[in-house]
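Trainee: First, the structure itself, so that you have it in front of you.
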Amino acid sequence: MQNIRLISHPLIEHKLTILRDKNTDPFQFRMLIDEITYLMLFEASRDFELKDTEVITPVATTKSKKLAQKIMICPILRAALGMLGSVFKLLPDASVGFLGFQRDEKTLKAEFYYAKLPKDHAERIAIVIDPMFATGGTAIDAVRFLKEKGVKKIKFISILAAPEGLNRFSEVYPDVEVYTAAIDRGLNEKGYIIPGLGDAGDRVFNTVY
């Protein structure tokens, strides 16, 4: 799976340990999601193209660089909303394209129900964000939708991933890079990542019952 990028960093591993803990409260969980995403984005943006520009400092004019391409962040509703704030810290000019998928608990398949993209979406690099990469079904459907809409460059950022989902995704879209902070043991009979961290959406929005 040459398109899979496993990000290894001491800070990420430390924060991920606390994130997994069932006793981590919702406020701290949200903060950790934000911080881990922030750190991962440095690696995911490593190959962004730059263009020449000039900047006037208080004492002189100098040649410099700035991003050459427009960015579109595509959070998969709802859990990925917890990752969105950290993206804006690094890419404040990015546009947002929302993708809505609802998991069917019986079939374990994701049902597409909503999309809202910026008008110039086909001109932008799309960074799809979703904290959990389990069966790979949602990721495949999201990338298929974006490609059908004319988006040419797509990256995927997910905090945790299962090997089953990564293998399935790579067979369909070997051209799309997936960045993850951990590849866990696998999936259980309900399609949840093991050992994982539970339902990320429920823990972000404090709807665990």
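Glycine is treated like the rest: Cβ placed from N, Cα and C.
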Trainee: Of ARG103, ARG124, ARG144, ARG185, which does Swiss-Prot put in the 5-phospho-alpha-D-ribose 1-diphosphate site with ARG78, ASP130, PRO131, MET132, PHE133, ALA134, THR135, GLY136, GLY137, THR138, ASP199?
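Mentor: Answer per Swiss-Prot: ARG103.
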Trainee: What three-state class does DSSP give ILE193 (uracil binding site)?
Mentor: strand
Trainee: What's the most sparsely packed of the binding-site residues ASP130, ASP199, counting other C-beta atoms within 10 A?
Mentor: ASP199
Trainee: Using the recorded uracil site (ILE193, GLY198, ASP199, ALA200) as reference, state which further residues of the same chain have their Cβ within 8 Å of the centre of those residues' Cβ atoms, listed in sequence order.
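Mentor: Along the chain, the qualifying residues are PRO131, MET132, LEU160, TYR192, GLY196, LEU197, GLY201, ASP202, ARG203.
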Trainee: Compare the C-alpha of ILE193 (uracil binding site) with the C-alpha of each of the binding-site residues ARG78, ASP130, ALA134, THR138, and give the closest one.
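Mentor: Among ARG78, ASP130, ALA134, THR138, ALA134.
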Trainee: Say you check the Cα of ASP199 (uracil binding site) against those of the binding-site residues ARG78, ASP130, MET132, ALA134, THR138; which is nearest?
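Mentor: The answer is MET132.
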